[in-house]
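*Asks:* The structure follows.
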Amino acid sequence: MSVSELYSQYTRVWIPDPDEVWRSAELTKDYKEGEKSLQLQLEDETIREYPIDVQSNQLPFLRNPDILVGENDLTALSYLHEPAVLHNLKVRFLESNHIYTYCGIVLVAINPYEQLPIYGQDVIYAYSGQNMGDMDPHIFAVAEEAYKQMARDEKNQSIIVSGESGAGKTVSAKYAMRYFATVSGSASDTNIEEKVLASSPIMEAIGNAKTTRNDNSSRFGKYIQIGFDKRYRIIGANMRTYLLEKSRVVFQADDERNYHIFYQLCAAANLPEFKELALTRAEDFFYTSQGGDTSIEGVDDAEDFEKTRQAFTLLGVRESHQINIFKIIASILHLGNVEIQAERDGESCSISPKDEHLSNFCQLLGVEHSQMEHWLCHRKLVTTSETYVKTMSLQQVVNARNALAKHIYAQLFGWIVGHVNKALHTSLKQHSFIGVLDIYGFETFDVNSFEQFCINYANEKLQQQFNLHVFKLEQEEYMKEQIPWTLIDFYDNQPCIDLIEAKLGILDLLDEECKVPKGTDQNWAQKLYDRHSGSQHFQKPRMSNTAFIVVHFADKVEYLSDSFLEKNRDTVYEEQINILKASKLPLVADLFHDGKDSAPAAATSSKISVRSARPPLKASNKEHKKTVGHQFRTSLHLLMETLNTTTPHYVRCIKPNDEKLPFRFDPKRAVQQLRACGVLETIRISAAGYPSRWAYHDFYNRYRVLVKKKELANTDKKAICKSVLESLIKDPDKFQFGRTKIFFRAGQVAYLEKLRADKFRAATIMIQKTVRGWLQKVKYRRLKAATLTLQRYCRGLLARRLAEHLRRTRAAVVLQKQYRMRRAHQAYQRVRRATVVIQAFARGMFVRRIYHQVLREHKATIIQKHVRSWLARRCFQRLRGAAIVIQCGFRRLKAKRELKALKIEARSAEHLKRLNVGMENKVVQLQRKIDDQNKEFKMLSEQLSAITSTHATEVEKLKEELACYQQSQGGDSSPQLQEEVESLRTELQRAHSERKVLEDAHTREKDELRKRVADLEQENALLKDEKAQLNNQILCQSKDELAQTSVEENLLMKKELEEERSRYQNLVKEYSRLEQRYDNLRDEMTIIKQTPGHRRNPSNQSSLESDSNYPSISTSEVGDAEDALQQVEEIGLEKAAMDLTVFLKLQKRVRELEQERKKLQVQLEKKEQQDSKKIPAERPSSDLDVDQDADLAYNSLKRQELESENKKLKNELNELRKAVADQASEHSAAHGSPDSYCLLLNQLKLAHEELEVRKEEVLILRTQIVSADQRRLAGKGSEPNINARTSWPNSEKHVDQEDAIEAYHGVCQTNRLLEAQLQAQSREHGEEVEGLKAQVQALKEEMDEQQQTFCQTLLLSPEAQLEFGIQQELSRLTNENLDLKELVEKLEKNEKKLKKQLKIYMKKVQDLEAAQALAQSERRRHELTRQVTVQRKEKDFQGMLEYHKEDEALLIRNLVTDLKPQALAGTVPCLPAYILYMCIRHADYVNDDLKVHSLLTSTINGIKKVLKKHNDDFEMTSFWLSNTCRLLHCLKQYSGDEGFMTQNTAKQNEHCLKNFDLTEYRQVLSDLSIQIYQQLIKISEGLLQPMIVSAMLENESIQGLSGVKPTGYRKRTSSLADGDNSYCLEAVIRQMNSFHTVMCDQGLDPEIILQVFKQLFYMINAVTLNNLLLRKDVCSWSTGMQLRYNISQLEEWLRGRNLHQREVAETMEPLIQAAQLLQLKKKSPEDAEAICSLCTALSTQQIVKILNLYTPLNEFEERVTVAFIRTIQAQLQERNDPQHLLLDFKHMFPVLFPFNPSSLTMDSIHIPACLNLEFLNEV
């Protein structure tokens, strides 16, 4: 391209500016060659004329297109020059807040002066394993590149971190070491990576200080070698230090500080262990207060000191050594405060003997006070003949004191470095290492001295090495791509290095001058002028004779020669050193002894011999002592040798401003550092060749719009690119075709971008033209259609109006017609109704007349009938009266005759004699009887008087009521009939009220039960909800270590839920029972009311006597009491008095019986357990007989008790009847009131009926006992027949002697057991007899109470007696019903229990016989005997597999260890689990706990062994996960726990375990399942993770959508042609299809498969989002579209596999929102609100990061403005988001294994022959 084409109108250029260094401008008109100026317009629209030098014709630098601004790599810029580099760094730093940028092989790091969240563990793992160009620039990317090249090329690496003070070198080096420590780990248990990181606080404390440019400036250089073994794990480290700034110990400039350790020690001076240091505040010491402020904002020296001590401890420095180190440091502070007094002569000085600080100094170092006091003020001069002691002036003493302080600190520094190296040293062999060099950058100050000279000398050497490396890489790249190249001219600073280090150079002359006794700085400067005045890199200042200028690669630096000689000599007087050598403290003495522990231990390397940076002090002979310059030059040469043998990686740290303000960019300071650190030199070298490089694939994708249509038919992309370039760029020197890439000169890519933009602009204009024409056509068609529509509607309106008029006319005619018809019809109806009414009245009148006539005739007939009957009765009565009179007369006559005969007989003497015989004895007896009767009569008279008075009052009351009633009724002629009617009515009302009370009581009871049922259902629902909530909580906060606890809690909750369900079912059953009870009571009340003349007032005797021992009510005591109290409140105290008594006593009785039942149940269970332990295979016939005998004995005892009770009751009732009859006769004779007597007779009748009921009960029990005896006798009689008929399979077999002995011992043991059982049963029967006697006694007491109650009823009124009788009847019926139901339930339970026991025992006997027979047949299978075998009928397979103990190892090997999943293809899924359970079931069946334990332990160990061996085999891991889960489900399903047996069939219930509870093994299997699941996830993630980034972000799922931007030196992996290492989304889906198919084929539970894919989709989301957040090149609109498409494909796959659950879909929500964020508009505040409301799953940091990274792919898009990002941040301030930027892709959700029972039965499973399990026997 010509200059006129480049510098055309609207072209933007860079012009120099004194404030901003470079400023952007735009040409207002085209430039023509030869013009002397350019017409420019600045960004503030200022017009400016820019002059052009005609001779050099130097035009201003061109500006890159906006699309290239903000690139990750500066070499990707089309125009490579200083303003482009500066602008790109500024844009990235200020607008995007990116502090890292690549510049070829250099990482440029700008110090943000702010903590950024980009160094966490998640970021380290995100960069681990990634190529350097794939991710955004970062120090971790450089560290990963070094680590990867070390492993790939097996060559040592170096990371060189440089920059001026305050640029962040130390922090960058620290992060690099942290990356190595995190990624590689440690090869041993010494935690060497922690020690490497722990060395940083120590070195910062003793080697860093605050300067005007940096609060934590490193005042020394260090090179840390991190050693690795063959597996590239850290095994050790070694540190070398360079040029410690010792002068800072004794002098600090304004606003600077000494080394941090001094201030840290002063801050901790108040600690008890530091009292002996005698320290105070830092302001009190001269060496720490010269800079002014002794504190740093935001830094806590005490806290940092604690970290330093912890680091010392971690590195193995003992506490005593730490105290000694702190003593030495404190002594330096005290030495600085020693007061030196000058004498009058000025040539000598002295120190006060009482100087406190000198005393502390000597005490802390353990030296003699007097000697130190003397030799601080004197020096020794040694000549050949004599030795002189000379005094020193004040300045000389101060200099000597400062030199001693510096020397002590330097020696201590070296000792600490040596001990750090010892702690980091390892005995393992080092395979390779990575070195991290943290060294000072180029420095220039107003006054530059010896330290600056050494620093700049080191930077000259490093710059030379950097230039050579960059040049070498460029040439290697050209040779690799087979491009012809010419020698590139680059700046070589070898002449400057020769000026410094060559023979008779600056350092050489300095060393010579130091050897001269009278040498001075001025003499040395003069020698420099004389020797090097002709060098182009050396200059003499005009105004000074003691300074010199060196022209470095970065800038000219003027050095002041003052103190150069002194600093180079580093003189310390020998006498002072000797005093320190004689110290009492071993550490102090070791510091100054020659060659003893002063050199730091260095780690040896297989390739490089590492030596100390500071050689140990030699002998005090000054001729052989090396100067500081010589030492520094030697160590620098060693460093360069090390770096030249490694592959270097460069990090250049830039300080953006001197004020240390966050994210503030000073262009002047930045340019100065860019020039000094070699970044611009890299740019210049790159620009001299072919800086822009494109892969053919990327070039084709980017610029195919410039290709003609006919050329696109060619399939060779390389040929297409060549033809396009040859047609577009005419100069062939502007580009070169390499083997895999195209190389462009500077500016050519910008030209291609301009052509591409013009092409797009023309296409845009064509599209706009077409779209605008189409819009106009659409608008015309819309107007035409609207016009036609209006016309149609208008015509329709007119037509509708006409139709409406016609319709109204027609309607009017119809209305008229209907109205007229209506009037005529109404008139007709009126006439018709009148006629009908007249007819009806007439007919009614005639009918009524006939009816009255018939009625009169009927009444006359009735009157005649009654009159005739009255006449007949009157005649009959008259005749009957006459007959009675005649009979009376006749009978009186006959009686008179008999009386006369008796009187004659009485007068005879014999009769009198007969009467007098025994009269005297009878008189005595009668007298006694009269006395007793008088007493009894007196008592009864009193009772009768009370009853009479009561009765008289009642009679009077009734008479008064009767009189009132007769008066009110007046002329009523039948008062007796009225009274009878009223009494019947009252009785009827009373009966109705009683019935209503009973119905109300039933209703209330029914409502209460329903309410209780409802409450229980509600409580059940609440428990279910609580269970669901607990499950959700376990799913959200569960971590790996909480999985076991969550499973146990879930099991407990399920168990509680099942118990709650069982209680609920029992209550429902109780409710139905009580409802049936109410129905029975209602029926009985109906029968009682319907029975005439049979209303009884029974006593409460029957209600309080309960002989039943079979309770069926098991409600709680509190519930019964509450029901009783509530019933009392509802019915009333009087009416419910007896019901309450009945309920309370019933409750008491039920509690007692319930306790007795529980006690008997416990005894029975214990007895069963003993039976099962001692004789598991014994026949249950003896137990059955004993139980039947016990029942018979119990029934007989109860029968006897009932008969005796009935006899007693009958006698008592007879006596009571006689007494009542006598009392009634006396009362009737005296008062004539038979009511009480009738009442007593009724009660006696009721008691008699009660006795009849008792008799019936006795008869029922007697018949039951007789039937039981008959059954027992029949069973005993049938036993011989059964035995005779039964043919046992073992009866005819030969019995060995050993078997007979064993059988005999078994029979003896059985007899002993039976004897013990009989004794236990006899004891139990004795206890039962005692309990029955107690019950009899209680019944007697209750009977006495009933008699008292019976007597009290005599005193009640008839109404109260009637009511009381009804209540007693209800109570009696209730008790009878309860007793009968208890008896029935007890008998049913006993029957079920006995049947169940009989069934179990018979089955055990049969199975045992079958097992014994099978075992004997197996043992004798191979014996060749001539015995006669009895054929045995084959039984059905019981779902159990038997094996011998010695075959267990073979079983585990064939079924677990050596089993391949492919061998079981086509069989039942999880077949090994079923086989293992059947083996476990057989071991449980034979009650062999050792066998169960051994089998389960071997199985678990075998599975672990297989998984360890195949730790990367997904199919094997999935196979054993499914089998382990199935075995766990089987142990649950067949455990016998009702909660796991709800879905079992009857056949499956037979396969349950009988003897062992394997709950603990279930927990172990659950833990093993979790481990297998985690391994499965790890394997699947390892297979998927390499595909994710390429498939989700890089692959073009939608062809032609994404455009490729220019790339720099750091190339992306996706830039390879056709993506050799790339994956598409179809590959990911194929892999997941493979996972899903394998898991489904192997029978893994669907719930677990869902959790697996939830975890995998979370990992896809996390990895993709993390890469999106760390890659600028993929944050674009087209990537968002590709991402949306890829996510939709994954969701479609989930739906196709029926896995699209809410949990799985939610894992992809952050990625979906990130894709939407890339596609949304990002301009207005409304857009900001939309983004904030949409991106709820993304944190604020993630949203801002994506907006900062958003990059347009072409110039038609706009960047996101800083103001818009600030708006987003302001709206998201209230969010409480986590501080992590990246997602933890290693996070694992807690897994749940829901119970999934199998529908297969064990007996239906077939074992294939391929498993080689012939030794297993089916039982």
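Each Cβ is built from the backbone N, Cα and C atoms, and glycine gets one as well.
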*Asks:* According to TrEMBL, which of these ranges is coiled coil: 892-943, 1204-1255, 1256-1307, 1516-1567?
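*Replies:* Matching range for coiled coil: 892-943.
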*Asks:* Just to confirm: which same-chain residues, 6+ apart in sequence, have a Cβ under 8 Å from the Cβ of GLY168 (ATP binding site)?
*Replies:* ALA109, ASN111, CYS653, LYS655
*Asks:* For the domain 'Myosin motor' (69-757), what's the model's average pLDDT?
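*Replies:* Over the domain 'Myosin motor' (69-757), the predicted model scores a mean pLDDT of 83.
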*Asks:* Drop a 10 Å sphere on every Cβ of the binding-site residues GLY163, GLY166 and tell me which sphere holds the fewest other Cβ atoms.
*Replies:* GLY166
*Asks:* If the ATP site is taken as the center of the Cβ atoms of GLY163, GLU164, SER165, GLY166, ALA167, GLY168, LYS169, THR170, which further residues of that chain fall within 8 Å of it by their Cβ?
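*Replies:* Apart from GLY163, GLU164, SER165, GLY166, ALA167, GLY168, LYS169, THR170, the close residues are ASN111, ARG213, ASN214, SER217, SER218, GLY441, CYS653, LYS655.
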*Asks:* Among all protein chains shown, how many Cβ atoms are found within 10 Å of the Cβ of SER165 (ATP binding site), not counting that one?
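*Replies:* I count 20 other Cβ atoms within 10 Å of it.
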*Asks:* For the region 'Actin-binding' (636-658), DSSP counts of helix, strand and coil?
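*Replies:* Summed by class, the stretch gives 9 helix, 8 strand, 6 coil.
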*Asks:* I'd like the per-state residue tally for the domain 'Myosin N-terminal SH3-like' (8-60) from DSSP, helix first, then strand, then coil.
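*Replies:* In the domain 'Myosin N-terminal SH3-like' (8-60), the DSSP-based counts are 0 helix, 24 strand, 29 coil.
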*Asks:* Starting from each candidate's C-beta and looking 10 angstroms out, tell me which of the binding-site residues GLU164, LYS169, THR170 has the most other C-beta atoms.
*Replies:* LYS169
*Asks:* What is the number of other Cβ atoms found within 10 Å of the Cβ of ALA167 (ATP binding site)?
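*Replies:* Summing over all protein chains shown, ALA167 (ATP binding site) has 26 other Cβ atoms within 10 Å.
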